[in-house]
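Data block below; observations after.
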Amino acid sequence: MTRQTVQPVVEGRNIVKRYGHVTAIDHADFDLFPGEVLAVIGDNGAGKSSIVKAICGAVIPEGGTIKIEGKPVHFTSPLDAREMGIEIVYQQLALSPALSIADNMFAGRELRKPGIRGSLLRQLDKKRMEEFAREKLTELGLMTVQSINQAVETLSGGQRQGVAVARAAAFARKFIIMDEPTAALGVKESRRVLELIQDVRAKGIPIILISHNMPHVFEVADRVHIHRLGKRHAVVDPAKISMSDAVAIMTGALEPPPVAEQQLAPKAA
Amino acid sequence: MSETASRGQDYESSLSHATAKVAEFEKRQGLAPRIQSTLHSSPALVPLIVLVLSIAVFGALLGSKFFSPFALTLILQQVQIVGIVAAAQSLVILTAGIDLSVGAIMVLSSVVMGQFTFRYGIPAPLSVVAGLACGTLMGFINGWLVAKVKLPPFIVTLGMWQIVLATNFLYSANETIRSQDIEANAPILQFFGNVIQLGSARLTYGAVFMLLLFVFLAYMLSQTAWGRHVYAVGDDKDSAELSGIRTNTVLISVYMASGLICAFAGWALIGRIGSVSPTSGQLANIESITAVVIGGISLFGGRGAVMGSLFGALIVGVFTLGLRLLGADAQWTYLLIGVLIIGAVAVDQWIRKASA
């Protein structure tokens, strides 16, 4: 770890979580560095969801330390993580179908009108929220402008995914976690989401990408964290390893490369 | 990157010829789809149209006997209790719940107001506050059981209905407090029975309160974050939770608001019937659900406008009075209400398809 000069955004060490007799996270480590897309891959049951949940407060670990930008954190719910500027794009998207795009983007953090109408009458500033939502969606090249009050249920799968990503990108200050963002999408829509991921990275926000889709992982990830049996098994550089080798390491068919050849930190710029 | 990308992405090479349009919004063509999407965005429109049509039809059939300030304000007086309770019911149904205990909470609250005043000699205004607090507490128990213990709202409120109703009879010893006694000693209990007379129009305070309550709730639901959260919870509770809404707080607040509104209905009930009677208001449950359903609020939650419930209650009132003035058998009212209920739910299902 001597070459590590940049402070990680997330630094997890020795994280442990058990469910009864099952050890979901077995002294696992985790690192996310500024500006990168870190893919997390692993077989079903390897615990990749658990470790990511531990990082965002959805699971409370029993042991180990998690530091965000060098400061130890103890989240007890995803809301704590959200207050720190960590956003999550869930596989099931977490959008309310009957509400508008703008309503969904601001769910739980609505803006109120200035002055007495906001403080006493609690009135929402719909205009400002709509403008903001429209601006963020346009930034990501997502929307025609007149549609911001459309109910989310009238959007296609790719459009909904776009709204969820835009919401995360608009509010994330630290990093974004994306859980299987292309799993439910068609080829064309997946492509759009991968472009979105790159757009978000270009804004300087690091991303943790959980995915089963190797072509997608290899296309957008800077480093690939391979999770196996509740541990970080290896971290590889997708430019230096083939997809089939990565899958072989993930399933245990192939030994991981020696630590010196792994990509535990990003290459120096 | 380019090397690995080409290795992995061969199957997507034809995509460069595909259209790059991702988010496009087609305008719906034709009359029916346009009506469908209009109703989708303004769900209270159907009951409003039905209300206006039914007033017009009964007006045409009955002339000035029906189409008079006196008759029309009489309808307001007759629906005020059901209307207030329907407002409470609307809130709960918007969260994809149902409150079967509304009628029982209403009656218990009115009994508390009466008994506190007459049995314990507590000043009437304080008794009123105690009654309102009692309703809110019952609502809190409902909300806590639904949100924290995660029991189905139907079961929770079915149980509470029996519990609250039994408490009501046990506590009151089935004893009615007479109207004359209230009038002489605690007129504030009959506050909502006061009348504003405008020519031949008679507006009771209770009817005015009902109208103001609906305006207030419509504002809360459409203009505040709390209102948006009520819809989000009813729409998809898990999604709402994940997007950062404290869904349990929202649910408990909704059931508490429902309990409080029912307690106000109990107060208005004293104004309407004059006395405090533990056996009154037995039909409030089913009548409030009827008003909400005819009002176009979806029983599956998250859809509908609270104003619809006001229109729903008024529709029932118009049919009841209109058919009575026509000299028809009261059963015709029930028959037509039944048709309206089924029709309203069919329209709701059709409107939902606009989203698909």
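First residue shown is number 1, and so on along the chain.
Even glycines carry a Cβ here, placed using N, Cα and C.
Annotation source TrEMBL lists transmembrane segment at B:44-64, B:100-118, B:124-147, B:154-171, B:203-221, B:250-270, B:282-300, B:307-326, B:332-351.
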Listed stretches B:44-64, B:203-221, B:250-270, B:307-326 vs the transmembrane segment (B:332-351), most Cβ pairs under 8 Å: range B:307-326
Is the transmembrane segment (B:250-270) in contact with the transmembrane segment (B:44-64), using at least 3 Cβ pairs under 8 Å (sequence separation of 6 or more) as the test? no
Between the stretches B:100-118, B:124-147, B:282-300, which one has more Cβ pairs under 8 Å with the transmembrane segment (B:250-270) than any other? B:124-147
Against which stretches of its own chain does the transmembrane segment (B:100-118) lie, if we need a Cβ under 8 Å and a gap of at least six residues from its ends? 81, 85, 88-89, 124, 126-128, 130-132, 134-135, 138-139, 142, 154, 157-158, 160-162, 164-165, 167-168, 171-172, 177, 181-182, 185-186, 189, 258-259, 262-263, 265-267, 269-270, 276, 278, 280-285, 288
